[in-house]
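Asks: The structure that follows is given in the form of structure tokens.
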2 protein chains.
Amino acid sequence: MLQVGVNGYGTIGKRVADAVRAQPDMTIAGVTKTSPDFAAEGARTAGYPLYACDEESVDEFHAAGLAVDGTVGDMVDASDVVVDATPGGVGAEYRPLYEARDTPAVFQGAEAPDVAETSFNARANFDDARDADYVRVVSCNTTGLSRLLAPLAETYGIEKVRTTLVRRGGDPTQSDRGPINDILPDPVEVPSHHGPDVQTIFPDLSIDTLGLTVPATLMHLHSVNVTLESTPDSRDVCDLLDAESRLFVVPERSGIGSCGQLREYARDAGRPRGDVWENCVWGESITVEERDFYCFQAIHQEADVVPENVDALRAMFDMADAEESVARTNAALGLERDGDARPDPRVAADD
Amino acid sequence: MLQVGVNGYGTIGKRVADAVRAQPDMTIAGVTKTSPDFAAEGARTAGYPLYACDEESVDEFHAAGLAVDGTVGDMVDASDVVVDATPGGVGAEYRPLYEARDTPAVFQGAEAPDVAETSFNARANFDDARDADYVRVVSCNTTGLSRLLAPLAETYGIEKVRTTLVRRGGDPTQSDRGPINDILPDPVEVPSHHGPDVQTIFPDLSIDTLGLTVPATLMHLHSVNVTLESTPDSRDVCDLLDAESRLFVVPERSGIGSCGQLREYARDAGRPRGDVWENCVWGESITVEERDFYCFQAIHQEADVVPENVDALRAMFDMADAEESVARTNAALGLERDGDARPDPRVAADD
């Protein structure tokens with residue numbers, strides 16, 4: 001049983017902790033929090049060993065009536081591996097602490113790629129993380145693009161990718177962020193950092209990305225163009241994508257036309273926190289014009305990297321190959337086609 | 001002096017009326033309203049002859065204390081030409097009335113292309129409207145794309161255009177529209193109608209467009225990719241675009257990073273209603289990677305077609321050639337580089 005510590009029990013950390021605990025071959029050794037807020041209470045309620053980020057904050061936890069089992073160093077000592085889910089840039093500051101304790105770690109995509117030996121996406125480059133000590137799970141947007149591009153590249157070949165990422169302004173908890181009633185080129189420069197980040201997974205890929213930010217908190221939405229090296233039929237591409245376990249091809253008959261409806265669908269299905277772990281690709285948008293593939297896909301920024309963190313752990317400890325790890329993760333989360341309530345889009349395609 | 005009637009004194013109609021009145025060679029014969037609301041009061045205050053849309057509503061205007069000079073038929077009789085700014089689809093219903101009175105008309109882009117003999121953009125196909133009786137000024141988004149594509153096509157050649165249009169949910173007055181906190185593929189199908197609409201101006205152009213809608217009311221924002229037939233330097237493309245009178249290349253030193261800031265800039269400059277008649281192309285976004293041109297441009301949906309309506313009138317009555325008409329319109333509106341407060345982006349480019 002792999003003992004996993006989660007440093008930073010925030011938006012990603014708490015979701016990864018729950019996903020790890022759901023697996024048959026790993027468990028949570030502890031989680032850290034910087035302050036005794038509602039998330040810290042939630043960690044206690046969930047039964048996770050709780051650690052303060054440093055000695056100074058231990059008293060703060062005790063004053064709030066929350067017992068802690070020590071500080072982050074103690075948690076690392078109790079762990080076989082750490083999932084670092086601290087804010088972007090903070091993970092790199094923690095790496096020396098992990099190294100000093102000879103403990104491998106998984107970092108998140110907001111860290112620079114050089115924080116780790118390799119960047120990781122379960123569908124695209126699982127084996128690159130095998131036996132690595134430090135692995136970076138790429139960001140939500142890069143994860144979403146990697147899952148979509150891997151089958152396209154393998155089956156049809158990719159000449160060039162051009163994608164516009166319509167980014168949510170912040171998560172629902174981030175009330176201090178904007179924009180309100182505005183649309184911002186973000187960044188104004190072309191390409192955005194997303195293209196180079198995808199190249200950490202597909203080093204030889206030609207990709208240009210543009211980013212902009214809008215007043216929404218639910219999901220990102222990608223407008224994707226891929227110039228293929230062949231000219232498949234749109235229906236065949238739809239079937240190809242639908243066969244991917246972490247791509248949900250949204251069927252026309254579902255009546256789902258927005259991110260809000262996707263999230264409601266996940267809540268109706270009983271998903272924890274209403275999370276959408278899969279890319280959501282609108283079936284009607286899957287179009288091939290000559291060699292140009294187009295689609296819209298929505299990416300739940302709080303959720304899609306969660307199963308990837310689990311798979312990264314298995315790769316690092318050589319606990320399974322890619323196919324087996326993904327199947328095990330999906331089964332434990334209830335992410336399989338047969339294990340959840342989502343309809344089969346190919347039925348709609350035949351209507 | 002060309003006598004111009006405006007049928008539909010709404011968002012576009014009132015702006016076109018003011019722009020026509022500002023010209024030295026045309027004037028307003030009258031405007032129509034369906035009800036005696038604040039816009040009707042505004043028309044009276046502006047001194048425009050006011051006409052009711054039909055006999056039934058005349059009493060409603062009188063009851064509201066607003067004198068009217070007759071109904072829409074009377075206004076058409078008093079006009080050499082009508083600018084139809086009624087809601088999309090209504091213009092086609094009015095065309096028989098204009099024809100019965102042997103009166104030419106300009107329609108707006110929400111009408112189907114076959115409402116008119118030709119679709120129109122002053123920069124791209126002015127001469128197609130010369131001596132035509134019925135002309136359709138293309139929509140705000142199609143106008144914005146046409147202005148950008150014309151110089152690129154002429155100077156570098158265009159192999160293919162791929163553009164994602166991030167559409168505002170509604171105008172500031174349209175409180176009944178959405179979305180709130182969401183991002184919608186709109187339409188879900190690819191391509192959106194915008195590509196075919198651009199082809200009413202550039203019949204041989206290869207263009208795919210994708211549309212989506214977000215919670216914003218200020219401007220549309222386009223993420224543009226154009227695969228050129230040559231490989232110009234980004235700086236040269238910036239200079240080319242900046243030389244266009246209805247393209248505002250937003251300089252980096254302006255600190256303008258959002259649609260809200262663009263609109264504030266126009267208000268600061270004293271523009272009527274804070275209108276932005278030009279495409280706003282972010283200079284920093286103008287990028288050429290091999291043969292792929294990229295940029296972000298913002299389009300003020302209430303304003304950019306206004307000078308185009310004025311030019312369409314001149315084309316139909318052979319009052320000027322394209323260059324002279326655009327110069328005359330721009331001068332009357334204060335849209336020239338030297339006539340307004342906007343900085344020269346090339347200064348910034350040399351910084």
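Every residue, even glycine, has its Cβ placed from backbone N, Cα and C.
Features from TrEMBL:
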- A:Cys140: active site, nucleophile (ACT_SITE)
- A:Thr11, A:Ile12, A:Arg168, A:Gln301: NAD(+) binding site (BINDING)
- A:Ser139, A:Cys140, A:Asn141, A:His194, A:Gly195: D-glyceraldehyde 3-phosphate binding site (BINDING)
- A:335-351: compositional bias 'Basic and acidic residues' (COMPBIAS)
- A:2-140: domain 'Glyceraldehyde 3-phosphate dehydrogenase NAD(P) binding' (DOMAIN)
- A:331-351: region 'Disordered' (REGION)
Asks: Over the domain 'Glyceraldehyde 3-phosphate dehydrogenase NAD(P) binding' (A:2-140), work out the mean pLDDT and round it to an integer.
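Replies: Computed over the domain 'Glyceraldehyde 3-phosphate dehydrogenase NAD(P) binding' (A:2-140), the mean pLDDT is 97 on the 0 to 100 scale.
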Asks: In Å, how large is the greatest distance between any two Cα atoms among A:Thr11, A:Ile12, A:Arg168, A:Gln301, the listed binders of NAD(+)?
Replies: 16
Asks: Using DSSP with the three-state reduction, classify A:Ile12 (NAD(+) binding site) as helix, strand or coil.
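Replies: DSSP call for A:Ile12 (NAD(+) binding site): helix.
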Asks: According to DSSP, how is the domain 'Glyceraldehyde 3-phosphate dehydrogenase NAD(P) binding' (A:2-140) divided among helix, strand and coil residues?
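Replies: Helix, strand and coil residues of the domain 'Glyceraldehyde 3-phosphate dehydrogenase NAD(P) binding' (A:2-140) number 58 helix, 32 strand, 49 coil.
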Asks: Check the DSSP secondary structure of A:Arg168 (NAD(+) binding site), expressed as helix, strand or coil.
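Replies: Assignment for A:Arg168 (NAD(+) binding site) reads strand.
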Asks: Which residues, in sequence order, are found in the same chain with Cβ within 8 Å of the centroid defined by the Cβ atoms of A:Thr11, A:Ile12, A:Arg168, A:Gln301 at the NAD(+) site, excluding those residues themselves?
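Replies: Apart from A:Thr11, A:Ile12, A:Arg168, A:Gln301, the close residues are A:Cys140, A:Asp171, A:His300, A:Glu302, A:Ala303.
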Asks: Give me the CA-CA distance between the residue listed as 'active site, nucleophile' and A:Gln301 (NAD(+) binding site), in Å, as a whole number.
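Replies: That comes out at 5 Å between the alpha carbons.
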Asks: Which number gives the other C-beta atoms within 10 angstroms of the C-beta of A:Cys140 (active site, nucleophile), all protein chains shown included?
Replies: 25
Asks: Sequence gap of 6 or more, C-beta under 8 Å: which same-chain residues meet both conditions with respect to A:Gln301 (NAD(+) binding site)?
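Replies: Once residues fewer than 6 apart are set aside, A:Gln301 (NAD(+) binding site) is near A:Cys140, A:Asn141, A:Arg168, A:Asp171, A:Met219, A:His220.
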Asks: Which of A:Arg168, A:His194 (the binding-site residues) has the most other Cβ atoms within 10 Å?
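Replies: Counting every other Cβ within 10 Å of each candidate, the maximum falls on A:Arg168.
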Asks: Of the binding-site residues listed here (A:Ser139, A:His194, A:Gly195), which is spatially closest to A:Ile12 (NAD(+) binding site) when Cα positions are compared?
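Replies: Checking each of A:Ser139, A:His194, A:Gly195 against A:Ile12 (NAD(+) binding site), the shortest Cα distance is to A:Ser139.
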Asks: With a radius of 8 angstroms around the mean position of the C-beta atoms of A:Ser139, A:Cys140, A:Asn141, A:His194, A:Gly195, what other residues of the same chain does the D-glyceraldehyde 3-phosphate site pick up?
Replies: A:Gly109, A:Val138, A:Thr142, A:Thr143, A:Gly144, A:Leu145, A:Leu165, A:Ser192, A:His193, A:Asp197, A:Val198, A:Thr209
Asks: Would you mind pulling the DSSP three-state label for A:Gln301 (NAD(+) binding site)?
Replies: coil
Asks: Give the three-state DSSP assignment (helix, strand or coil) for A:Asn141 (D-glyceraldehyde 3-phosphate binding site).
Replies: helix
